[in-house]
Amino acid sequence: MSGCNSTTSTGTVQAACNGSTPNPCESNLPCKEETGWRRVIRNFTPSWFAVNMGTGIVSILLHNLPYNAIWVQYISYIFFGLNVVLFTVFTALSIARYTLYPTIWSAMISHPGQSLFLGCFPMGLATIINMMVFSCKHWGDWVIYLAWSLWWFDVWVSVATCVSMPFIVMHRHRPGLENITAALLLPIVPAVVAAATGGIVAEELPNHHQALTTVIASYVLWGIGESFSAIVLALYFHRLTIHSIPPKEVIVSVFLPIGPLGQGGFGIQQLGKVAMHVVPKTNAFGEVAVRAGEMLYVLGVFFGIVMWGFALVWLSFALISIAMMPNVPRNLGAWGYTFPLGVLATCSNALAENLDSDFFKIATMIISLAVVVLWVVVAARTLKLAITGEMFHAPCLKDLREKLIITMDWANHSSPSRLDSFVDELVDVWHLHRTPILFTTCIILVAIRIYFQFNGQKTEVIAFKKAYEEPAKPKVAVEEVKVEHVEIEEKTPTIEPVEEKKNAKSQGPRRIKGGLARKPSKKTEEEKDISRPVVPFVFFCSVTTKTAKIAQAYVEKLGGKLDELSKQSGRQFLKPETRDLTEIDFDDYFLTPYKEYGDADLFYLFLIPSYNIDTINDTFLEHLQETHHDFRIDTAPLSGILGYSVFGFGDKENWPTEADGFCFQAKEVDKWMAKLTGRKRAYPVGMGDMQSDHEERLQEWTQGVEEVIEYVARTGSLGEGLPGSGAADESDVEDIAEDEDDGEVIIEDDATDKKTKGGRDLDDVEDLGRMIRKDDGSTVQKAPLAVDFTNYGSSTKKAVPQGPKKMVAEESPTYKALTKQGYAIVGSHSGVKTCRWTKSALRGRGSCYKWSFYGIASHQCMETTPSLSCSNKCVFCWRHGTNPVGTTWRWVVDPPDLIFDGVKTNHYKKIKMLRGMPGVRAERFAEAMQIRHCALSLVGEPIFYPYINEFLGMLHAERISSFLVCNAQHPDQLADLKAVTQLYVSIDAADKESLRRIDRPLHRDFWERFNRCLDILREKRFSHRTVFRLTLVKGFNVEEEAEGYARLVEQGLPCFVEVKGVTYCGTSTSSNAGLSMSNVPFYWEVVDFVKALEKRLKEKGLKYGIAAEHAHSCCILLASERFYVDEKWHTLIDYKKFFELLEERGAGNFTPEEYMGAPTPEWALWGNGGFDPRDDRVDRKGRKIEAS
């Protein structure tokens, strides 16, 4: 035995080394407890958790850098994973240490240095909790609640160390002033770290009350930690002034005071930031909740600046002290450099975000880089010393040995054999520690059982589904052969299924493709599943309805062909369906295969006209590109479809060749679909000229597609490696000359260059089309011809014009459609239109609900928008397919003065055109020539315009009030909005799925954006008149309970809630969107809904009441009791007062109550209809209706 030589049992030897027997080991050889794994466990001190602190803070810094990149965040995830592994291992070793050697615990607690490092455990755990929230929150709420649970555990441990260790220092250690170091902060700082972590977790908690509880607890922790830290810092500074700097063994401790300063500065800012959002959403602080939250936020930033400055001064002290100390020892204390500097960087980053300061951003980058470099140096040194064993040294064990006297008899017994000794050791270990081992095992098993109990979702095993449904079939052995080069024979125009041969060679060019060699499929044709039905989808885009008609005719013809194929092959083909790209949610079809048909095989066909103006094509292509580059989505998310093919319509008169842009958007669709489907191009891109040969070309393409479908019906797939099947050998050439490729390296010889790089005009298509037919005119009924009409060679010029395009160009069909609908297009993206209520008011036949509710004279109101583009495709929109859509501004931007002058000029032109209209009142016509109100609610998203604040400023400068409506999809622009007379947010659904179904938003994070906008509206409710506009669509959202809408009102707390029935515009586009007159609610249905909503709001303790109505518009107004003064509703606006306040105080510095107008007129109040008795009510034929 290599340990102590003994005739006693191995248990006695172990006890001797443990210090539990009274005799020391006199041998020069170490006891067995001082070698191997036992030595590691016995000497594994709490200071090892400083490694977790350093690694964790590096992961946090890399994830949240102010100037960041995706690859840097990937590195942060690696550090996060490493930190979790290290923390798990260190925790297991610590448990083993105090379980196997319980006497070490008391020795460690009694040691004045090692005991202080117990605070490293909760701080290391806190870094893991932070990164869980930062990097894993998109997994779902369960991650947030798991982090929340771990945080409460961390709080318990932090408070325990913060209270117990200072008490032990005072009553047991009692160090003299000359022995005090900043290490006294280690058990205290965990409270500050836990407070900061609480702020991070609270920000993501879905429940506002739980978040408030967490924030309050975190403030308490922050106060405890910072108070104790201030006491220790004062004591430590006093020690430094009387005695010299600490000895070199603990010199690193001079950096530790930076920790509570940096972490405290970050924590108080984070808590203030969260409090500003959470406090107003609860009942805390009552009426001053918003200002209380804002005050906490401002105080947080203030204290953050102060503590950052103090930390910077202490950093200078620390650097000077280190510079004065020669030969700094190498031990675990070196990790004390990383965490304090890291939390100083997080404080800098918080200040950079809150103050929008480039100085603090640069400071964050510099400090973060220094921390990463320090981590690399210290980690390398730690790893080296850990391998040599020098790092495993516990000073507390030395004290333990000095106190214990060990007695053992070495005289008369020979040592047993190694095998017997090893067995005896195992038996002794088992008997000595079987109780804690069994107890720990039971705890682990119970924890695992509980985890699977609550996370026991059963996932269907799809991969083995057929093994249970069909009998086993003989497997075909395929020898895996890595093909160095393949020669392609180009003699036969048709494709024959060929048998796979070993070492097959043919004539043709040689290709060497880098990357992983693909294994041949082990599935034979007999194994293909041909029992599933096939569903063809035909996607199209149509601005002038020409492509829509072609698509409809094509689908009817294709349906007949598929019926024949179904009878011939026995394969079931469902009826082909058309899908207008302007009417569908792209995520339903192009993020994953469409799921409505279950296990059916999907076949995607595209009929794509190319436009040089902004259309849905641009949005669709942007969606495909974003899906391909989204690292959260599989590389080929559409690989589950059977195949796809594209046909493009172009104009050779303006774009003669492909190089000039002929059918360039169809080619783009084909390229991105190839990437998303995993190269499942069923047939090459077809292209036709709308002015000449598109019918012939479409017929040729249709014939090829039908041949592919027939092949699929027989075989069940496009084929394995067959030419034309979309395999990589045919479809990856397109990526050679692109700016963005898939990482494939392809080396080609001259023959290949001639094929792929030589540009070819569409004139060749006619010859290629003839090649499809035999001499006798019959059609080849075998596999499709492997001819790709598309050329992506390096010599091809970029088809897309350089620079941003106009949103609505004068020559575009969009321009013609909008002008036909009565719009006057201003510049390239703005519009103005005369409302029908303007015409009605001019004739004295009534005004719209804005007159009844807010005092806006309809004949003096200009309806306009500076952005005709929208980020939604709402089912009730009046302008389906005729206005552009997009998630980002990608067009030419017109200056605001051009728009302002243009909309005024065109509005006055339209008013002047009404002077000859029968019934126009002269006095109202004169008043109409002076614009007093501007409704920014025409079509599109006004807030999308980059200079919306400047445009609003021009309106207000001429004392024109502004009503701005947004769709709750642009929170950043909403937050930046300055002065507006009344601010609307459209609320069309109460939950995520309903909102997706009704508004059909383009943003993938539409629900998060929606909720952020409501939060922002809540913050603005004391500086802006805020309004929720609920549009009720029967069959979509009227039937929903009022509870959901009440919850949204509780979240946003608007000044007013407008509830309005949808208006049916009676066009074919509305029918395409799924709307008809049956979707328009009756007024009594709107009344019932409003009453239910009012009741639910009162049950929630929210003070709202029904203030006014306009029955003709099917609209009812709910108002906050802030506007119920002297037992009267005051919904009108004092516009004169608004402009006076704006000029005197500036935007956002006055409340809505300060420009509240006169009491709402009696005729507009609830129950009175809302029609102004001074006007004449007429029927549909203009005949006056006498008041009853």
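Note that the numbers count up from 1, one per residue, in the order the chain is shown.
Cβ atoms here come from the backbone N, Cα and C positions, even for glycine.
In TrEMBL, annotation is done automatically, which means it is predicted and not curated.
These features come from TrEMBL:
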type	residues	note
TRANSMEM	47-65	transmembrane segment
TRANSMEM	71-95	transmembrane segment
TRANSMEM	116-134	transmembrane segment
TRANSMEM	146-170	transmembrane segment
TRANSMEM	182-202	transmembrane segment
TRANSMEM	214-237	transmembrane segment
TRANSMEM	296-322	transmembrane segment
TRANSMEM	334-352	transmembrane segment
TRANSMEM	359-378	transmembrane segment
REGION	494-527	region 'Disordered'
COMPBIAS	494-503	compositional bias 'Basic and acidic residues'
DOMAIN	536-706	domain 'Flavodoxin-like'
DOMAIN	854-1103	domain 'Radical SAM core'
REGION	1168-1188	region 'Disordered'
COMPBIAS	1172-1188	compositional bias 'Basic and acidic residues'
Chain residues in Cβ proximity to the transmembrane segment (71-95) (below 8 Å; excluding those fewer than six residues from its ends, i.e. six or more beyond):
40-41, 44, 46, 48-49, 51-52, 55-56, 58-63, 65, 121, 124-125, 127-128, 131, 135, 440
If contact means at least 3 Cβ pairs within less than 8 Å, sequence distance 6 or more, would you call the transmembrane segment (214-237) and the transmembrane segment (182-202) in contact?
yes
How about long-range neighbours of the transmembrane segment (116-134): same chain, 6 or more residues beyond its ends, C-beta under 8 Å?
45-53, 55-57, 59-60, 63-64, 76, 80, 83-84, 87, 90-91, 94, 143-144, 146-147, 150-151, 153-154, 157-158, 161-162, 165, 169, 183-184, 186-190, 193-194, 196-197, 200-201, 203-204, 339
So what's near the transmembrane segment (296-322) in sequence-distant terms, Cβ-Cβ under 8 Å and 6+ beyond its ends?
245, 251, 254-255, 257-258, 261-262, 264-266, 268-273, 275-276, 279, 328, 341, 344, 347-348, 350-351, 354-355
Taken over the domain 'Radical SAM core' (854-1103), the model's mean pLDDT:
84
So which of 47-65, 182-202, 359-378 has the most C-beta pairs under 8 Å when paired with the transmembrane segment (334-352)?
359-378
